[in-house]
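Peer 1: Sharing a structure with you now.
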Amino acid sequence: MSDVKLHRLYIHGQYTDATSGKTFDSINPATGEVIATIQQASQTDIEAAVKSAAEGQKVWAAKTAVERSRILRRAVDILRERNDELAQLETLDTGKAFSETSTVDIVTGADVLEYYAGLATAIQGEQVPLRESSFFYTRREPLGVVAGIGAWNYPIQIALWKSAPALAAGNAMIFKPSEVTPLTAFKLAEIYSEAGLPAGVFNVVQGAGREIGQWLTEHAVIEKISFTGGVETGKKVMASAAGSTLKEVTMELGGKSPLIICEDANLDRAADIAVMANFFSSGQVCTNGTRVFIPQRLKAAFEQAVVERVKRIRMGDPQHTDTNFGPLVSFPHMEKVLSYIESGKQQGAKVLIGGERATTGLLAQGAYVQPTVFTDCHDDMKIVQEEIFGPVMSILTYDTIEEAIERANNTNFGLAAGVVTQNISQAHQIIHQLEAGICWINTWGESPAEMPVGGYKESGVGRENGISTLNHYTRTKSIQVELGDYQSVF
């Protein structure tokens, strides 16, 4: 334990000791080893972070949009220069393969920051004439202090998705990463400070969501909460935010997304998409297409194509560059996923491949679960209805496309959906009927900075990324001007 680094909170541009006296450990899920000990924030520390953010936000908002953009662009450059260093830390903390974190997590996070750095100068109001002697104009003003609460599956990417539009609009952010993957948020805070962000504009507090999250959502000074996580927790955050000071919220929550493969689909392409939609990042992606609908007559050929591809997955040490499938994020999460797999077996689904914990050699030390494909699934099965957040695909057959659409929509979730077909007209007709916020045709999973991300139904409120997100980090002030005489009715 003497070699394990102790991490403090990051408040007002520097590391500072928490006052709670409590700590928690970050565990490498590939080995079970403790890699860091993190101090947990107290309510006193949250107050200090809010006070710091309020002070820093005034300095930040007073800068011109060009100045803010310049500082954020510097941060982008530093992120890209340190891509591999950050990716190695992310892999250590999350268990995700370095081949993934080095090409996706930091890269796409930096892309979003660069996108909003460019949009910082485009935040503007409008002027509208009312009559010859009067007009009104609007100002887009920052909210002030906002809070971001991150999830454990894309720690630094989520921190950037939340902080980039907030900072571009002139706000300060207090960010709480998941206690399961707490480390790269510290590095992002350091990078922001190095780039020239004023002290307090990006603070990092650590600890359990049920405590820290509640203090943030109920704080009177905090004007907005952006949360990524599970549906039930999201409902509590939203209720708390509404019950305190009626804060604005953005919620990116869970999913159980359908992937519909049409009669005319190229099965090789369909199998490629289905495997990527289920096993990328070891299946720990909110938008995963875990309900795969296939026409009955194509079932056997599709299953064979999927199994062939799953056999090519390279599970192993996530730090090795040839590994493309690492452990799950934690041992408790592994047990949860294994319990879902057991449920699938008990309810009569057939395991085509996988279905167990991976225990060969050094894999036994980590939270590894075999990529698992179930077939002969039914809509009422637990593995089909509930979000597993692991490497578990469920194959379901259908007779008509109308049936597939109806069943695809028969869920409380509505995060993502996809269609594979060679008939582009049919693709659009199907997509327009699917109740989901993020949809893909003949592909899966890409989320460019320009594309809004968010769900329907219980999968979320509001959007992240895209131009419109900036509107939710500002508020509009309307000002009428009268140039002529003023006539009172009294």
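Just so it is clear, glycine is given a Cβ too, placed from its N, Cα and C backbone atoms.
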Peer 1: Given that Swiss-Prot annotates Ser26, Ile27, Val180 as K(+) 1-binding, name the residue from Asp3, Asp77, Asp84, Asp93 that shares the site.
Peer 2: Asp93
Peer 1: Quick check on the annotation: Swiss-Prot has Gly150, Ala151, Trp152, Lys176, Pro177, Ser178, Glu179, Gly230, Val231, Glu232, Thr233, Gly254, Glu387 binding NAD(+), so which of Cys286, Cys439 does it put in that site too?
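Peer 2: Same NAD(+) site in Swiss-Prot: Cys286.
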Peer 1: Do any residues at least six apart in sequence from Ser26 (K(+) 1 binding site), in the same chain, have a Cβ closer than 8 Å to its Cβ, and if so which, in order?
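Peer 2: Sequence-distant Cβ neighbours: Val34, Ile35, Ala36, Thr37, Ile38, Asp93, Val180, Thr181, Pro182, Leu183.
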Peer 1: Using DSSP with the three-state reduction, classify Pro177 (NAD(+) binding site) as helix, strand or coil.
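Peer 2: In the DSSP reduction, Pro177 (NAD(+) binding site) maps to coil.
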Peer 1: Measuring Cα to Cα, how many angstrom lie between Trp152 (NAD(+) binding site) and Ile27 (K(+) 1 binding site)?
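Peer 2: Here the two Cα atoms lie 12 Å apart.
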Peer 1: May I ask which of the recorded positions Lys162, Glu248, Gly460 is closest to Pro177 (NAD(+) binding site) if we compare their C-alpha atoms?
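Peer 2: The answer is Lys162.
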Peer 1: Which recorded positions are spatial neighbours of Lys162 (active site, charge relay system) here, meaning Cα within 10 Å, out of Gly150, Glu179, Thr233, Leu246, Glu252, Glu464?
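Peer 2: Of everything listed, what lies within 10 Å of Lys162 (active site, charge relay system) (Cα to Cα) is Gly150, Glu464.
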Peer 1: Under a three-state reduction of DSSP output, how is Val231 (NAD(+) binding site) classified: helix, strand, or coil?
Peer 2: helix
Peer 1: Least buried of the recorded positions Asp93, Glu248, Glu252, Glu464, going by other Cβ atoms within 10 Å?
Peer 2: Glu248
